[in-house]
Amino acid sequence: MGFYFYSACCLFIIFSKATTAIDTISPSESLSDGRTLISSDGSFALGFFSPGTSKNRYLGIWYNNIPIQNVVWVANRVNPVNDSTGLLKIETSGKIVLRVQNTTAVWSTNTTASVQNPVLQLLDSRNLVVRDGNDSNPENYYWQSFDYPSDTMLPGMKIGIDLRTGLHRILAAWKSWDDPSPGDLTYGVELEGNPEMVLRKGVEKYYRSGLWNGDGFSGSPNLRSNPIFDYDFAWNETEVYYIYFLKNKSVMSRFVLNQTESVRQRYTWNPETQTWKLFSIMPSDYCDRCGLCGPNGNCDNNKLPACQCLTRFKPKLLERWNSSDWSDGCIHSKPLNCQTGDGFIKIGKVKTPDTTNSWVNKTMNLKECRAKCLRNCYCMAYTNLDVTRGGSGCAMWFGDLDDIKQFESDGQDLYIRVSASEAEQKKRAKVKLGIILGTVIAALLGFVLVICYIHRSRRTLKDKVEDKNVNDNENENKDEDEDMELAVFAFEALTLSFLIK
């Protein structure tokens, strides 16, 4: 009897746990502290947690199928619950409310649309959404947590701006490991000038991606070939955003802002060691720091010092520059003269300048871009906006060129305005080099042709001698062959002597 009672209790417990593994709640239900919503594939959980050594309670989403609790989203970042009386509900209007002791609201959503049958659901994509339970379109959301990210960007999440509604999706680091309230390290799209991804530390622009060139950001030219994720940057009349997707959905990967180290880190999960492995980090090197070399400087990690002036530029204040104070940057070696005409020189494999004072056109070609830049005395550089399919579009910069970084490979070409005399000097150097290379190549080709002619003549002469003396005795053949060899040798010597002269 005891055995059957024990078995029945076990089955009841197992059944109870199975029934609590739900991914949806309706207005007639609630989620209290100690209970969780589990996505249908079991990969993510929504519930209450306490970070680090803190005793405060927060509503958040974390990975459910790994032994480490890594929280990827927090609802009440600013207003924690001080005890275990937190209660999450969705109202009949579709509004989500987090209350303490079922009275005081510490966090809620602002849903204005009318929903007939609202439900709150945790999706396999890690997205917490409000939708209409009667809607046949499961992706028609009235509210979603992806629109209000915390410190972590997940696959399928957009970081950027909805130009129709003004919604700005931006990452903000946790203030500390014990406090998920927003720190001063943020990452998002900035539209000052033309759009870039920018990491800020307070008001300081700490790292920027460079302009999107159709294949990637110019500041991360080698990222496209990575084996973990693919990414895109949308830039149109309705929205501007960055998004990424995993190439293999069985791989777990996330990128997160680290307030302590002031970096953006990407991790992948290692199932063998049961740990997160650091995949990439931004800023990744010394030259990734914004504006390190001052105006018109070029930062190159392979040189010492790393800060160099752009070609045809010189330090503005030489003494400070030589003492490693690069804040004043560089100026043109020879002054520009827009009225009489300037020119451009190309520097290759660079991260494009800060886009604050820039302008773009998606339909112009590079030749038209150069002409337009040349006509504007304030235009200091130009390049293709899109480098794919042979290049298209136009990007121009006005005033000082800030935060240029030099790469060993990849990177983008940039055409910089210089005085006409320096542009011609560059052209003359190219022409001189072309003449030298052309002369060398022509001489080598001539030598090859002469050698070929010698061998061909030698073979023809030999054939004629053999045909003429086919009936002669062997001694006569031998003598004539020797004579022929001497004649050909003399011809070769004469030809080589002519080439040397």
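Heads up, the Cβ atoms here are built off N, Cα and C, so glycines get one too.
According to TrEMBL, the feature signal peptide maps to 1-21.
Assigned with DSSP, the residues of the domain 'Bulb-type lectin' (22-143) fall into helix, strand and coil as follows: 0 helix, 54 strand, 68 coil. Sequence annotations record features per position, and here TrEMBL assigns domain 'Bulb-type lectin' to 22-143.
Look at TrEMBL and you will find 338-419 tagged as domain 'Apple'. When pLDDT is averaged over the domain 'Apple' (338-419), the result is 96.
Summarising the annotation, TrEMBL assigns transmembrane segment to 433-454.
Broken down by DSSP into helix, strand and coil, the domain 'Apple' (338-419) contains 13 helix, 37 strand, 32 coil.
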